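Asker: According to TrEMBL, the record shows the following:
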- 4-117: domain 'Histidine kinase/HSP90-like ATPase' (DOMAIN)
Amino acid sequence: MALRSEPTSVRVARRVTKAWIRCHCRMTEDQVDAVVIVVSELCTNAVQHGRRESIDVRGWMSAPDELRIEVHDNSPSPVPAPFHAGTEQESGRGLVLVDVLVTELGGSWGFTEDGTCAWCCLALRGEAR
């Protein structure tokens, strides 16, 4: 889904992602919520740091038991790395949160070499809906 690169688009991405996952993936509600947080953080990162007018959020079954999600900002940049923000900092925790949640979900995540796309792959091990 193509979205304007603005903060309100993150809410749209969360809502659409949650509905799609509930319909198409075998995940518990806790897993769905974790994936929605991951998408929210990746979209927020793209909106804040991308230098384009839009972002593109894609999700599909890359294998029968694997979900792949990508957030493209089409804005080449150095690949960001998670860091632990100080207690006084208002931001900087998003990628650490992504790392924790994706690890808990038994998945992997990263960025393309040119920094234009953040991605995650998640194993579908929840109860069938």
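Glycine is treated like the rest: Cβ placed from N, Cα and C.
Unlike curated entries, TrEMBL annotations are predicted automatically.
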Asker: Take every residue in the domain 'Histidine kinase/HSP90-like ATPase' (4-117), average their pLDDT values, and give the whole-number result.
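Answerer: Residues in the domain 'Histidine kinase/HSP90-like ATPase' (4-117) carry a mean pLDDT of 89 in this prediction.
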Asker: Using DSSP, what is the helix/strand/coil residue split across the domain 'Histidine kinase/HSP90-like ATPase' (4-117)?
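Answerer: When I sort the residues of the domain 'Histidine kinase/HSP90-like ATPase' (4-117) into the three classes, I find 50 helix, 23 strand, 41 coil.
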